[in-house]
Amino acid sequence: MAPPGPAGAHPTSAEPLSRSIFRKFLLMLCSLLTSLYVFYCLAERCQTLSGPVVGLSDGGEEAGAPGRGVLAGGPRELAVWPAVAHRKRLLQLQQWRRRRPPVPRDDGDEAAWVEEPPGLAASPGGSGAGSSVAEAPPGTLALLLDEGSKQLPQAIIIGVKKGGTRALLEFLRIHPDVRAVGAEPHFFDRSYHKGLAWYRDLMPRTLEGQITMEKTPSYFVTREAPARISAMSKDTKLIVVVRDPVTRAISDYTQTLSKRPDIPTFESLTFKNRSTGLIDTSWSAIQIGIYAKHLEHWLRHFPIDQMLFVSGERLISDPAGELGRVQDFLGLKRIITDKHFYFNKTKGFPCLKKAEGSSKPHCLGKTKGRTHPEIDREVVQRLREFYRPFNLKFYQMTGHDFGWDG
Ligand SMILES: Nc1ncnc2c1ncn2[C@@H]1O[C@H](COP(=O)(O)OS(=O)(=O)O)[C@@H](OP(=O)(O)O)[C@H]1O
């Protein structure tokens, strides 16, 4: 047989050519698919495929409760946010995609809030992914930019335990210029040896003009905390949420009781000797409420005008009013107003119409606003007498009568 002529050579030379075209086609297809996936991710949908569930789970459980799904303020009113809120949201999205350093468990505030990814919380009857896409900010390519940096806090909520510190922080977090770490870092009491770099790494990223915050209520009664915070920055602004020390003590006891139902009664723990009426000031539930004594330690390191005392009672009766004072103190524009709150009858507390990074109403969880046990009236009376001189001293020091003494 004659060997194939030039015409017969075509099939063999065409084979590598089509293979190379095929390879190019495959390559283009792959890059197309990759780009599609990247855009898909930027539209937040990839979070439905993997990654933890973010947000404030406390409120999540209540969001679907009857009567809670409707935003009293109306969607238009609630949807209006300044441009900076948009930048904040971009940051939140970026951060959510990064691995966070482990945050110490928050046992004082035991409802350690499980963070939800912004916009991922499923609305009642709706899918999380659906609502997230609706909320995805435009210009998502900006997410690729590594915006912002981690800063040490410029303001700290240092106390008091059971004063209302969680409510204050969560309310403040809706301000576009506030970025706060969710759980309590306990750096200045338990983890100081880990160093400032460790502490800073716990913080969320902030853009210029934003304030970094954290709350750890035990700082207020930690002897070393004032000097340590001052060593970090003597300009740190300090916020203390105070509450009637008797109610605070009962709240503290109620929390312990919820974990250890076998503890002795409040009445028996209150006294060193009940017949003499001698109060046991070594019991932390009692000791924390001697605010004037603790404040003395802080005033050795900070001027009083660098401290703001928030009334725990008013934070419940007039959250917008107290938030107004806090925003002024922090040098923030008064953005959080009464429009942001509604009173939830079932919860018995003010709640947010829309929590940070979410579009749904939000109340604090079950560990906030527990029912207190009935305490013997005489014991309560004795405690009121015990605290009175300390309270008066505290009013004097702060220039503010908190009204706990009639
Ligand atoms: N809006 C709102 N919702 C729910 N609870 C509220 C609110 N505002 C203030 N409080 C009061 O906060 C008390 C808990 O205080 P803290 O958050 O400082 O507690 S903790 O120290 O972090 O464990 C908690 O105390 P208890 O009522 O004793 O549980 C509440 O009374």
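Every residue, even glycine, has its Cβ placed from backbone N, Cα and C.
Per TrEMBL, these features apply:
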- 99-134: region 'Disordered' (REGION)
- 115-134: compositional bias 'Low complexity' (COMPBIAS)
- 153-388: domain 'Sulfotransferase' (DOMAIN)
- LYS162: active site, for sulfotransferase activity (ACT_SITE)
- LYS162, GLY163, GLY164, THR165, ARG166, ARG243, SER251, LYS368, GLY369, ARG370, THR371, HIS372: 3'-phosphoadenylyl sulfate binding site (BINDING)
- CYS351-CYS363: disulfide bond (DISULFID)
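Shown in sequence order, PRO217, ARG243, ARG248, SER251, ASP252, GLN255 are the residues of the chain, 6+ apart in sequence, with a C-beta less than 8 angstroms from the C-beta of LYS162 (active site, for sulfotransferase activity).
The average pLDDT computed over the domain 'Sulfotransferase' (153-388) stands at 97. With a cut-off of under 6 Å between the Cβ and any atom of ligand 1, the recorded positions LYS162, GLY164, ARG166, SER251, GLY369, THR371 reduce to LYS162, GLY164, ARG166, SER251, GLY369. Ranked by how many other Cβ atoms sit within 10 Å of their Cβ, the disulfide-bonded residues CYS351, CYS363 place CYS351 at the bottom.
Spatially close to GLY369 (3'-phosphoadenylyl sulfate binding site) yet at least six residues away along the chain are LYS347, GLY348, PHE349, judged by Cβ distances under 8 angstroms.
Put simply, ARG166 (3'-phosphoadenylyl sulfate binding site) is 11 Å from CYS363 (disulfide bond) when counted between their Cα atoms. Sequence-distant neighbours of GLY164 (3'-phosphoadenylyl sulfate binding site) (same chain, six or more apart, CB under 8 Å from its CB) are VAL241, ARG243, VAL310, GLY312, LEU315, ILE316, listed in sequence order. Cβ environment of THR371 (3'-phosphoadenylyl sulfate binding site): THR254 lie under 8 Å away, each six or more residues apart in the same chain. Whole-number maximum of the Cα to Cα distances across the 3'-phosphoadenylyl sulfate-binding residues LYS162, GLY163, GLY164, THR165, ARG166, ARG243, SER251, LYS368, GLY369, ARG370, THR371, HIS372: 18 angstrom. CYS351 (disulfide bond) sits 12 Å from ARG166 (3'-phosphoadenylyl sulfate binding site), taking the CA atoms of both as reference points. The highest number of surrounding Cβ atoms within 10 Å, among the binding-site residues ARG166, SER251, is found at ARG166. A helical conformation is recorded for SER251 (3'-phosphoadenylyl sulfate binding site) in the three-state DSSP classification. In three-state terms derived from DSSP, CYS351 (disulfide bond) belongs to an extended strand segment.
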